[in-house]
Amino acid sequence: MLAFAARTVVKPLGFLKPFSLMKASSRFKAHQDALPRLPVPPLQQSLDHYLKALQPIVSEEEWAHTKQLVDEFQASGGVGERLQKGLERRARKTENWLSEWWLKTAYLQYRQPVVIYSSPGVMLPKQDFVDLQGQLRFAAKLIEGVLDFKVMIDNETLPVEYLGGKPLCMNQYYQILSSCRVPGPKQDTVSNFSKTKKPPTHITVVHNYQFFELDVYHSDGTPLTADQIFVQLEKIWNSSLQTNKEPVGILTSNHRNSWAKAYNTLIKDKVNRDSVRSIQKSIFTVCLDATMPRVSEDVYRSHVAGQMLHGGGSRLNSGNRWFDKTLQFIVAEDGSCGLVYEHAAAEGPPIVTLLDYVIEYTKKPELVRSPLVPLPMPKKLRFNITPEIKSDIEKAKQNLSIMIQDLDITVMVFHHFGKDFPKSEKLSPDAFIQMALQLAYYRIYGQACATYESASLRMFHLGRTDTIRSASMDSLTFVKAMDDSSVTEHQKVELLRKAVQAHRGYTDRAIRGEAFDRHLLGLKLQAIEDLVSMPDIFMDTSYAIAMHFHLSTSQVPAKTDCVMFFGPVVPDGYGVCYNPMEAHINFSLSAYNSCAETNAARLAHYLEKALLDMRALLQSHPRAKL
């Protein structure tokens with residue numbers, strides 16, 4: 001569930017004039033305090049939108065039944081009104097009525113493994129090195145780049161991002177470094193060490209399943225240079241050549257309850273506990289991966305996507321991870337690189353902004369060779385593996401192997417056009433792509449489905465996401481008409497434009513805090529908190545259908561030619577992520593092999609055809625030039 005963001009225009013901090021007089025530490029707080037609070041939408045408005053969103057995806061009988069339940073729910077003096085008042089009270093008392101609830105329900109209480117089910121991966125452009133020297137040089141430069149970005153976080157001088165002229169909440173940037181998820185028996189927690197009395201000065205480096213603590217600052221507080229980091233990485237590489245080590249990191253890929261039990265067993269031992277604490281506190285992790293088996297160029301991208309998302313299995317690089325760590329950069333000897341991140345801390349856009357910065361940084365030449373001062377040996381993190389822990393590792397390996405075999409992932413570069421074409425037609429590129437997805441899905445399945453697209457709520461203090469529902473009556477009318485020979489081309493163009501505009505309108509409402517999904521979730525959680533019986537509208541078939549997202553999608557734009565990916569959120573669904581570049585579009589599509597009805601490559605094929613057909617339709621009927 002990643003965050004949609006229209007390309008945020010970054011302007012410098014300057015909308016609150018007295019900043020030049022303030023200490024840096026109060027700058028971020030002043031910006032955050034000036035942001036509006038997330039509103040609770042009017043009850044009737046959300047319920048009307050809910051009923052409207054159900055029309056394309058449920059039968060007329062189901063819809064009529066739900067309409068009755070909605071009318072009862074919102075009756076004067078009824079349960080809906082009481083819950084709405086409770087939510088409004090919560091909004092007055094908290095900084096954001098949703099953020100804590102969302103963190104818990106979407107992430108910390110979610111018991112499936114973070115791998116595939118929750119943590120997104122990112123594939124960066126293949127680098128031009130093909131050997132160990134190149135791998136370590138690039139990793140060193142990347143580390144230096146992240147530390148350079150960290151200066152802006154530490155000094156609170158990150159340029160504020162704007163969306164449609166409105167400043168955005170920058171809090172997520174302050175959660176992604178020196179943080180880690182910690183498993184718990186029913187609910188996990190996230191520990192952030194960046195604001196402690198002694199903030200961490202080390203990163204974690206993993207090679208051949210062996211973890212190292214690498215200090216990246218000198219005693220005077222200055223960061224190590226890329227040359228110095230390179231020397232340290234060489235030391236790490238040379239002292240971890242054994243390949244018979246137990247992949248302790250694979251424990252973090254297991255079901256959260258199983259991992260919580262194994263975690264408690266693991267940290268009973270002081271040596272293990274100290275090693276785990278070092279990983280949790282580190283600023284971020286760098287995984288020096290073994291090269292994946294060679295494959296043909298067209299399969300290469302999808303293989304690397306798997307490597308970034310899950311490591312490729314216990315025989316390859318899955319043991320080279322600590323999946324609870326918020327940020328893990330991955331660099332392999334063959335030039336493939338990317339990252340995987342734990343989702344509780346942030347959505348895609350802040351991660352991608354950091355990546356854009358770091359990738360630009362890695363292209364800078366080293367102007368001066370830095371002096372090679374003697375540096376201490378990086379500390380190897382030891383683990384005492386008891387038979388019980390070994391058994392936990394074996395179980396985690398088996399579970400991960402099943403998950404990896406079940407994942408069907410395809411990365412497609414759509415070369416025919418990028419955001420340039422929809423823009424030339426005065427259409428939103430995001431809405432255009434979403435309508436192509438609706439068309440592709442309809443052509444395969446002959447029906448519309450509940451579709452989730454992430455909308456950023458960062459216009460509000462501590463805002464995370466809400467849902468843009470891409471399946472509408474407008475989109476359904478368009479996709480039905482597209483292959484109907486009785487509908488004229490001119491009518492099809494009008495229906496396409498109308499569907500795109502409707503999606504654009506929904507997006508605008510969602511980022512202003514007026515979508516209904518999080519509001520309904522809030523009402524449901526309020527009912528649980530008030531210990532009242534669950535209202536019928538939440539026990540209804542229509543609600544179950546509406547929340548079963550066969551298409552879970554996200555636009556994550558970047559300046560870098562990269563793509564993000566994640567697994568489907570339902571067993572019979574798809575995960576679709578895309579980065580629209582100027583003249584091409586990067587897509588990732590995922591499904592599960594255990595579902596006979598879904599196939600990622602087939603959806604990719606139909607999506608490509610839908611995009612081309614929509615372009616041909618618009619080109620055959622040029623807009624009248626005003």
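Placement of Cβ uses the backbone N, Cα and C atoms for every residue, glycine included.
These figures come from a predicted structure and were not determined experimentally.
Record features, source Swiss-Prot:
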| type | residues | note |
| --- | --- | --- |
| ACT_SITE | His343 | active site, proton acceptor |
| BINDING | Lys419, Lys423, Ser424, Glu425, Lys426, Leu427, Ser428, Pro429, Asp430, Ser456, Arg504, Gln555 | CoA binding site |
| BINDING | Tyr452, Ser454, Thr465 | (R)-carnitine binding site |
| MOD_RES | Lys93 | N6-succinyllysine |
| MOD_RES | Lys261 | N6-acetyllysine |
| MOD_RES | Lys261 | N6-succinyllysine |
| MOD_RES | Lys268 | N6-acetyllysine |
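Taking the Cα atom of each, Lys93 (N6-succinyllysine) and His343 (active site, proton acceptor) are about 27 angstrom apart. Under the three-state DSSP scheme, Lys93 (N6-succinyllysine) falls in the helix class. Between Ser428 (CoA binding site) and Ser454 ((R)-carnitine binding site), the C-alpha separation comes to 16 Å. Ranked by Cβ neighbours within 10 A across all protein chains shown, the recorded positions Lys93, Lys268, Lys419 are led by Lys419. Sequence-distant neighbours of Ser424 (CoA binding site) (same chain, six or more apart, CB under 8 Å from its CB) are absent.
Of all the binding-site residues in the list Lys419, Lys426, Asp430, Arg504, the shortest Cα-Cα distance to Lys261 (N6-acetyllysine) is found for Asp430.
The maximal spread of the (R)-carnitine binding site, taken as the longest Cα to Cα distance among Tyr452, Ser454, Thr465, is 11 Å.
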